């Protein structure tokens, strides 16, 4: 039987997932009508890739929420391990790793889509250099995050060892610090690059208000990213709240 948390989390997750799929579908329909299938560009295919990673993220997070835990355990948890509990925690730990990696791939794919759009908008403008600099930093951030994920816990199978020999393999703390630092700062950089474009571009008031709304969502994403890392890194607050 699923816990109340797992049921509530599933409802929230798949509701937001449905909204995400709807948004991507509307975007793709609009792009196909405008450019036809042969005219689709890199960011269009990247958006479909992001949807794949987002699907995997939602599945893995729900597996974690409805499972029997991971290898992040107390001394009492270790003392009370049975073969059945151990097997369930190994399974849960594997899904935690999948969720962490799919989250990185989802977020950085979307960042790339945004930067490609900005690169296209700034063609022939001096702001293009800022977009390129932001893209380089974002790319380095992705490499740094991937290295942190795959090197913070060695050998890699310690991520789902129960119990694990390395606390970093169950807490992901060093990785979360690197991930948070690069993800949050690159989000801020992307917003700072985009704001002057929004001010300078000549658009009808209605379209500018829509773009301002999108920037408002960007600020929310940054705040949510900070809170996510707080719930992951502060010992007294560590919980599944970060998955929300």
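From the backbone N, Cα and C atoms, a Cβ is placed for every residue, glycine too.
According to TrEMBL, the domain 'Rhodopsin' annotation covers 26-227.
Here TrEMBL flags 14-33 (among others) as transmembrane segment. Residues 40, 44, 47-48, 50-51, 54-55, 58 of the same chain, all 6+ positions outside the transmembrane segment (14-33), place their C-beta atoms under 8 angstroms from a C-beta of that stretch.
Look at TrEMBL and you will find 45-65 (among others) tagged as transmembrane segment. Panel annotation: around the transmembrane segment (45-65), residues 5-6, 9-10, 13-14, 17, 20-21, 24, 27-28, 92, 95-96, 98-99, 102-103, 105-106, 109-110, 112-113, 116, 240, 243 of the same chain, lying at least six beyond its termini, place a Cβ under 8 Å from a Cβ of the stretch.
Residues or ranges marked as transmembrane segment in TrEMBL: 103-123 (among others). With a threshold of 8 Å between CB atoms, the same-chain residues lying at least 6 positions outside the transmembrane segment (103-123) that come near it are 41-43, 46-47, 49-50, 53-54, 57, 130-132, 134-135, 138, 141-142, 145-146, 149, 179, 183, 186-187, 190, 193-194, 197, 201.
Sequence annotations record features per position, and here TrEMBL assigns transmembrane segment to 130-151 (among others). Proximity of distant same-chain residues to the transmembrane segment (130-151), defined by a Cβ-Cβ separation under 8 Å and at least 6 residues beyond the stretch ends, is recorded for 100-101, 104, 108, 111-112, 115, 118-119, 122, 174-175, 178-179, 182-183, 185-186, 189-190, 193.
Per TrEMBL, the feature transmembrane segment maps to 181-203 (among others).
Per TrEMBL, transmembrane segment is recorded for 210-243 (among others).
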